[in-house]
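Enquirer: I'd like to ask you about the structure that follows.
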Protein chains: 2
Amino acid sequence: MKRIKCTVSYDGTLFNGYQRQPGQRTVQGEIESALNKICKQSVTIHSSGRTDAGVHAYGQVFHFDSDLSMDGGRYAKALNSILPEDIYVLDSQEVHPDFHSRYHGKVKEYRYKMSLNEYNPLNRHYVYYHRRPLDVERMREAMGYLLGTHDFTSFCGNLDEVNKERTIYKAELLDDEGELTFIFVGNGFLRYMIRIMVGTMIQVGEGRKLPNDIKHILSMKDRRLAGHTAKPQGLYLHRVEYPEEVLVVPSKKIE
Amino acid sequence: MKRIKCTVSYDGTLFNGYQRQPGQRTVQGEIESALNKICKQSVTIHSSGRTDAGVHAYGQVFHFDSDLSMDGGRYAKALNSILPEDIYVLDSQEVHPDFHSRYHGKVKEYRYKMSLNEYNPLNRHYVYYHRRPLDVERMREAMGYLLGTHDFTSFCGNLDEVNKERTIYKAELLDDEGELTFIFVGNGFLRYMIRIMVGTMIQVGEGRKLPNDIKHILSMKDRRLAGHTAKPQGLYLHRVEYPEEVLVVPSKKIE
């Protein structure tokens, strides 16, 4: 048995989210159905985490087990020859048999694209268009308060989550002539957390909140104090990082 | 009666082309149906030219006549409040009553986007992915032979066209690390002409034709000598230019 790790891009527009659901077109469902054909048996994949409906991925990671003797690097090409055109496997490799895409994913990067410029129908599924001007400098200041380890209850859309403590290593806002990119790097993110942080930054940018209100919002652990959940089409799971040791395939003993 | 000129962007992906056809979703059909609501009567629009299924527009131009007293500049906003999200009117203005978007469009610019990099599912409707390497320098040399006034029969997909002479003012190929943009500016283009020119450039880039074969292909007036018709999703009608005098509204006589 080999454990295979894949890195995959997808356009979230036409999927009912990531997670397999009977009768729905989902990313997991499409990938598993392609793997079933390749492996000629039922395969379950495990991803670094779900993405919601309309959310895209550049570097989502999943793993699965296979009994085939095929080299791990060949799954990418085999999958791409079967998968629909809105999913593309960038890379596949055999990894340590204990590797787990969710448990070992220690660093995740999400990006959110927002445009303050005139609407362009050609980008509508890939950028969120905000119609009012935003004060980018104030938003940058506010993003600084998100850095570090906090209880993110106020920025969480799922009340059932047990541990709401997360660490954000990087929270950056790029501005290319009104084309904004929010970059968040952390050890993990709660459900809707990025989109609620972006929705809150919009309120800061519009002057409806002060940058240092973020401190208070975090400390109160109350979802109602943060902003709305920003639209999904601007969000991308950009990459997931793993420690080197879980990637290395142990060398086989010579018998 | 006022003649109104509009500049419009659209994503060609989900349309059965530009031209109105019963029972089909077309760009013209959607715009006319929105105008019928605004003008409360049946309105016919005239565009600078059709675009084929899957082809996009950044700056398509159309005109129509209206009996409303509404200022010409207000049609853009009125239309955008009704139109589906894959069409967006950038600008509207009252023009000279003799203005005609097709007859007076003296300069047209088309762009074609092609990527030589790894497939990205997020761009699949907006860029053509070419899987083999291309020699960009040779393609640039070949494009030089398209400049000027020629009979473009060899690059025309419609045998019924009477006059196949056109003038190309600019034929440029930009290369941003494998993301290619072909820019063609001319006084008009025949059906499929840009896509056949691009398909021919691909053959040059692959070494299957020499740059100066273009001279021979033009002179033979034989469609079979040129390359295939490149895929529609890379093509954009970028802009249409009009002489200043057809745009100016004549001042009303004071009685």
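For all residues, glycine too, the Cβ spot is worked out from N, Cα and C.
Below, the features straight out of TrEMBL:
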- A:8-103: domain 'Pseudouridine synthase I TruA alpha/beta' (DOMAIN)
- A:ASP52: active site, nucleophile (ACT_SITE)
- A:TYR110: substrate binding site (BINDING)
- A:142-243: domain 'Pseudouridine synthase I TruA alpha/beta' (DOMAIN)
Enquirer: Out of these recorded positions, A:ASP52, A:TYR110, which one has the fewest other C-beta atoms within 10 Å of its own C-beta?
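Expert: A:ASP52, out of the recorded positions A:ASP52, A:TYR110, has the fewest neighbouring Cβ atoms within 10 Å.
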Enquirer: Measuring Cα to Cα, tell me the gap between the residue listed as 'active site, nucleophile' and A:TYR110 (substrate binding site) in whole angstrom.
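Expert: The residue listed as 'active site, nucleophile' and A:TYR110 (substrate binding site) have their Cα atoms 13 Å apart.
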Enquirer: Reduce the DSSP letter at A:TYR110 (substrate binding site) to three states and note it down.
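Expert: For A:TYR110 (substrate binding site) - judged by DSSP and reduced to three states - the answer is strand.
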Enquirer: Which whole-number mean pLDDT does the model give the domain 'Pseudouridine synthase I TruA alpha/beta' (A:142-243)?
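Expert: That stretch averages a pLDDT of 96.
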Enquirer: Would you list the DSSP helix, strand and coil counts for the residues of the domain 'Pseudouridine synthase I TruA alpha/beta' (A:142-243)?
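Expert: When I sort the residues of the domain 'Pseudouridine synthase I TruA alpha/beta' (A:142-243) into the three classes, I find 33 helix, 31 strand, 38 coil.
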